[in-house]
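> Take this structure first; my questions come after.
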């Protein structure tokens, strides 16, 4: 069970309890340390004087069923920490842990003298868990009420089964431990125990409450200085492409003079006719735009093209870094190409970004249409 995801970040003590109970029980089972945590009165205390077991018996559970029930109860009672506050809740847990360390062995020893059916104390923080349970039932309000066969149930009814399972897992040892924990939790709430106003020093609570910062990527954004990003170091063009790129630029600047010499006269005449008609159409459209609408100023490339490091990468790949004039695309040029070719805005921008000339953009779109 990952407490980092299921418990809110402001409930650090609940997280600590979940991790401590589960981890200590698993470690004790893996390294075969379970025999060092229970208390046998006649063998450990009276014969071998192993009084150090009184300090350790609450740290682990013997089996996974008790671990699961304890974790379920602590998780469902997590609102106790939110209502009491993490500092007070941590002080309450330490107070009850120390109190249960001595109260349960004393009462269990007296019970064994009277009834002769209690040989050892079952290990586990059952005393602390039932003390927390009393606070949960008393201070946390119910939110769901269900009536079944004239019996009213609340959302706290889900705690009954793990409570019974944990209290009767090793009767009578666990039952005595649970009963004493519930009773001492009630006495603490009613301020019938000495030292209920004691608080744990805050320096011991801060480590459990300090937030954990996790970065899944470096904190970089486009709003920072774009000069720190150099796309040419990421994409180095082969040296053999320089001559080909220069030749392509010359063809873009002089589309008619650099036409293929092997074209037939009919194809060259058709090309010239298309260019002339597109120029006339563009000129007439500009005249209508100037009459009906005021002239539009040049818009920066940031309105239609990427910005920041992405813009630098786009400039290098598209050749705009070699020809800065391609970065200024006018809105009326986009509308002109769209009207002439009846194409989408993205296609018009793509054609203009290669030449920034309406005539050449129309020619490029015509060539693309002829290829299809």
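The backbone N, Cα and C atoms fix where each Cβ goes, glycine too.
These figures come from a predicted structure and were not determined experimentally.
Pasting the relevant annotations from Swiss-Prot:
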type	residues	note
TRANSMEM	26-46	transmembrane segment
TRANSMEM	54-74	transmembrane segment
TRANSMEM	95-115	transmembrane segment
TRANSMEM	126-146	transmembrane segment
TRANSMEM	160-180	transmembrane segment
REGION	246-314	region 'Disordered'
COMPBIAS	249-268	compositional bias 'Polar residues'
MOD_RES	264	phosphoserine
MOD_RES	266	phosphothreonine
COMPBIAS	269-284	compositional bias 'Low complexity'
COMPBIAS	286-305	compositional bias 'Polar residues'
DOMAIN	332-368	domain 'UBA'
> For a three-state summary based on DSSP, what are the helix, strand and coil counts in the domain 'UBA' (332-368)?
32 helix, 0 strand, 5 coil
> Within the same chain, where does the transmembrane segment (26-46) have neighbours whose Cβ lies under 8 angstroms from its own Cβ atoms, ignoring anything closer than 6 residues to its ends? I mean 6 or more beyond.
53-54, 56-57, 59-60, 62, 105, 108-109, 112, 119-123
> In the same chain, which residue numbers or ranges, 6 or more beyond the ends of the transmembrane segment (160-180), come under 8 angstroms Cβ to Cβ?
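For the transmembrane segment (160-180), the sequence-distant neighbours (Cβ-Cβ under 8 Å, at least 6 residues beyond its ends) are 65-66, 69-70, 72-73, 100, 103-104, 107-108, 111, 115, 117-118, 120-122, 124, 126-127, 129-130, 133.
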